[in-house]
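Here is the structure we will look at.
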């Protein structure tokens with residue numbers, strides 16, 4: 001038989017509290033006062049007459065009211081017979097050395113008679129004191145407690161949500177009414193399923209009622225006053241597993257899980273950021289409002305989002321097309337405002353860069369002046385007049401100033417290099433401008449090398465002065481210090497040699513840079529003369545065009561011959577016939593010029609993919625195969641080299657036009 005589950009709250013069960021089971025009534029007879037179970041035999045006391053209601057109406061008041069309050073001896077005797085500590089009406093103990101263990105009510109702590117309601121269950125027994133089970137009287141049966149010295153009865157593991165108990169050891173003549181009479185004191189009984197083999201299953205309304213029913217496990221039951229074997233039995237109460245209990249427990253767990261998820265969802269929604277306000281529906285009024293917002297820079301973002309939502313919703317039709325067009329036009333005009341704003345910010349950034357460069361250059365000039373003061377003070381004219389500590393401080397200050405000067409100089413050079421890289425990324429069409437930038441870069445490098453050369457010279461002079469001072473102090477010092485001074489001399493000499501080598505390297509580099517600068521100037525002059533000759537030839541060709549078609553042809557042939565002769569003298573040889581030339585069209589000539597300029601900027605070479613990516617920004621129709629074939633035909637202008645090993649092998653093209661000019 002299956003049982004159903006309804007209770008949710010499980011209450012704690014106190015084994016000492018036996019009020020609901022009728023264990024603690026003051027009128028109930030105790031085990032010491034009860035006769036034997038069979039009620040017969042010699043020397044046996046007769047059972048005292050008990051009223052039909054089981055003696056439940058008897059109380060201490062009815063016993064004690066007949067005693068005179070003025071007689072303390074009688075009062076103490078009556079309370080001693082009840083097993084309580086003798087107390088006066090004022091609460092004072094009548095017998096100070098009273099032993100409660102000698103009273104008739106063993107196991108119960110003393111009760112104050114002044115306490116209201118003597119018929120109530122006594123206070124809870126401490127956990128270390130064992131609970132004493134007493135006789136339970138019912139209308140149709142009597143329950144006798146088990147031996148307190150025996151171990152507690154064994155029980156199985158409690159199933160989840162258990163509300164059903166197994167009751168075994170029932171009398172053969174026991175009925176469901178008797179079982180209901182015994183176990184309804186534990187709580188509301190929903191169903192009883194009795195078997196023919198002296199056991200049954202009882203299902204309660206709540207889970208805590210099962211704990212009360214387990215309290216009766218081990219009791220001996222006797223129906224009425226009969227001693228027949230069929231009217232007696234020993235109760236065994238244990239947990240029972242029922243499908244309805246498990247189902248209701250699972251339903252309860254699911255309900256608790258749903259409540260927990262609901263609480264979590266509420267907490268998440270409480271901390272979730274608010275959703276954006278909904279976009280209003282399209283109308284003529286809202287359209288005019290959005291159009292005004294589109295013209296306002298502060299409200300443009302909100303208005304453009306509304307416009308986008310309307311278009312995605314499909315609000316555009318023949319009637320509203322003009323309104324939407326005007327709003328889109330307003331959005332387009334905002335682009336011009338954004339571009340102007342960006343240009344203003346870029347201008348401010350450029351002005352800030354210029355101010356920073358000017359300030360940095362002014363700081364560098366002041367650093368140079370300070371360093372010059374230190375170096376002039378390090379010369380022998382002024383150096384000999386300073387003390388040793390002052391010379392040390394001056395040298396330390398000079399080093400610090402030079403380090404800070406070099407850091408600022410590197411920063412300024414880095415800014416200039418960044419500007420040069422930005423210029424190289426742009427389309428450079430005029431070769432003369434490129435030559436000018438290279439010339440300015442070389443001039444700045446030459447100036448930096450000059451400054452470094454001067455600083456090295458000043459350092460060299462300072463080291464020489466220190467060496468001379470050490471030589472002078474060496475003669476005056478004692479013999480013990482000779483070894484240390486010799487080591488210092490060696491170290492200074494080594495430092496001096498290193499500085500001299502570094503100075504020689506700097507001078508050689510300075511000479512190389514000057515030679516490169518002169519070479520660049522010569523190339524610039526050649527290009528300028530070539531441009532002037534080409535301009536003159538062009539003007540002569542224009543004058544000859546006016547004479548006629550025939551004269552025009554002759555003039556073109558003469559001008560072409562002059563141009564070829566000029567180019568043969570100053571740049572490179574040109575083939576006599578077009579059929580033998582590796583360059584077959586004007587487009588290839590332009591490609592050769594652009595590739596030469598690009599590779600001249602990249603002296604370490606570049607891959608064919610890098611070159612084609614640069615050319616495709618100018619013309620997207622250019623393909624890699626066309627460029628590679630063209631560069632392969634011009635072997636005196638472009639050279640292919642392999643770099644790397646194994647998987648990192650890479651092909652790079654380099655510009656070799658200057659070397660090819662010497663070879664052809």
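Glycine residues also receive a Cβ, built from the backbone N, Cα and C atoms like all the rest.
Remember, TrEMBL labels are computer predictions, not curated facts.
Residue ranges 300-327, 328-355, 356-383, 384-411 are listed, and TrEMBL annotates 328-355 among them as coiled coil.
As stated in TrEMBL, the feature region 'Disordered' covers range 20-63 out of the listed 20-63, 64-107. It is 537-556, from the ranges 477-496, 497-516, 517-536, 537-556, that TrEMBL records as region 'Disordered'. Taking Cβ pairs closer than 8 Å, the coiled coil (328-355) reaches residues 291, 294-295, 297, 300, 304, 307, 415 in its own chain, all 6 or more past its ends.
Mapped onto DSSP classes, the domain 'RRM' (163-242) shows 18 helix, 28 strand, 34 coil.
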